[in-house]
Structure formats: C-alpha cells, structure tokens
Amino acid sequence: MKVCLIGYGKLGSSIAKGLRNAGVEVTVSTLPPTDEWAREDGFSVVPMRACAEGVDLIIVAVPPSAVPAVMKELRGVEVPITSTAALVKLGELKKYADKVYRVMPSVTVEVNSSPVLVAERGGGADSVVEAVWGKLGKVYWVNERVLDAALPVVGSGPAVHAEYFRSAVEALVASGVERSLAEELARESIIGTIKMLEKYDPYKLRSKVETPGGITVEMLLKLEEEGVFGKIAKVLGEKGRELSR
Ligand SMILES: NC(=O)C1=CN([C@@H]2O[C@H](COP(=O)(O)OP(=O)(O)OC[C@H]3O[C@@H](n4cnc5c(N)ncnc54)[C@H](O)[C@@H]3O)[C@@H](O)[C@H]2O)C=CC1
Ligand SMILES: O=C(O)[C@@H]1CCC=N1
C-alpha cells in the first residue's frame, strides 16, 4: 500500500512512523522546516501533486486553517482523502473532493496503538481507509457528531492522560522515591489497571481496592471532595458538546 502524507508536524510525523512500522510506503509533502525533518527521518519529500500520484490514500495532517488551501491544490485528484483536522467539518471537505473522510486519531499512531474514529461510512473508499488506518490502531466508523464529541478524549487524550501519569510520578518523588523508579512504578501500575479494566468495570475495580476504613477510600473521597475527577469530566465533556454541536 502507498500513502501520500501532507503535513509532517506533530501528528503527521507520528502517522508516517506508524505506517512505516507497518510496512506501508509513505511519501510526504510539507512546508519548511518540517520538510527537512521528514528527510532526516528517512522519508522522501515531493511537491503535493506529485505526492498524490499513484497512491492508494492521501492523509491531510495540516492545521485546520491550512485545510482549504491544501484541498484546493488537490482538486481533481481521484485518490480518496482523509483529513485529520479538528474543526473542519465533512460538509466543508466535500466542497473540494468526492471521496473524502474525517479521521480522528492521536499521536499514539506512532506506536500503532490509537483509537481511530472515521466519519463516515459510505464515502466511496471505505475499504482502503479501513486498511490504511487499521495499521495505526483500532478503527471505529462513526457519524461526524461522535467523532467531534470524542475528540477531547481521543485526539487530546495522550496529553490529558500523561498529566495523570505525571501527577502520580510527582507524588512518588515527593514521598522520597527516585524519579526513574517512580516513573516505572506509575507506568506498570497504569498498564496493569488498563488490563483489569478489560475484565472489570471501574466501580467493581475500585471496590476491589478499597479496604473498608483503609487509605484508598480516604484518598479518593478527598479527591472527590476537591472536585478533581468531576472537573475533568466537566471540562472534557463541555468541549466535546461544543465541538459536536
Ligand atoms: N497533534 C495531535 O495530537 C493531533 C492533531 N490533530 C489535527 O491534525 C492536524 C495537524 O496537527 P499537528 O501535527 O499538531 O500540527 P503541526 O502544526 O505540528 O503540523 C502541521 C504540519 O502541516 C504543514 N503544513 C501547514 N500548511 C501546509 C500547506 N499549505 N501545505 C503542506 N503542508 C502544510 C506544516 O509544515 C506542518 O508540517 C491539525 O489539523 C490538528 O487539528 C488531530 C488529532 C491529534
Ligand atoms: O490540540 C488540538 O487542537 C489538536 C486536536 C487534538 C489534538 N491536538
């Protein structure tokens, strides 16, 4: 499979590396200075129309404000297009191309382990979209409203989740644990928790940990009293509702 990737920034570079891990041939078209970064990472960089020739799929990973210019330059190209841009709706993309999709992944595509929301089925090239994006994680076909609602947890997710990880590490360091050990302990604990969440719902998991009268319930009630978890749900939920309006 061959892919043309437009944009080699924070997300684009992760997409390119993830696709390469999976054996997909990637050609890049991007602006300076990221063209040099792509070459340094071993990708071939060419002008946009040349990039779009003879490939199975085009991935547009440019800032939302640059999408209209890129889509105009791709006008008339028959290859299906997937846009990763937040905020640029499918209706807007369809003004420029027939076979076009919105995709919402996260930078964890770099390790081939991202949820990938795709809107919407029936865009004229579903199987090639599934085949390429399926190399980067797990594909979920959804309507656009769901893609937007999920953006704060999927697209922004790694940054948000990493802040919890960081807080756990700081807590250990504050208690006198060496930072390298603290990082390892927090990471292993989170990996184990994710595996348990495949078996148990969060309420059940919490009840397995909370010893009556013990320290877990004491700490969690304190965090709840301070509104920590409610605040996360409120802010991410409000953003999802705003985006999916
Ligand atoms: N960074 C992330 O974790 C995620 C980003 N997104 C979306 O992906 C898109 C890219 O985001 P980032 O990589 O963070 O942005 P970025 O600013 O790091 O990278 C943008 C890239 O697009 C290139 N570019 C800009 N205008 C161009 C043009 N006219 N022609 C060709 N290339 C052009 C830039 O040179 C750069 O390589 C955005 O629309 C964003 O909403 C979606 C999900 C996650
Ligand atoms: O922060 C942003 O706007 C983009 C979309 C999701 C992740 N990064």
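Backbone N, Cα and C atoms are what each Cβ position is placed from, and that goes for glycine too.
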NADP(+) site partner of ILE6, GLY7, TYR8, GLY9, LYS10, LEU11, ALA61, VAL62, PRO63, PRO64 (as recorded in TrEMBL), chosen from THR30, THR108, THR193: THR30
Counts of helix, strand and coil residues, the domain 'Pyrroline-5-carboxylate reductase catalytic N-terminal' (2-74), according to DSSP: 33 helix, 16 strand, 24 coil
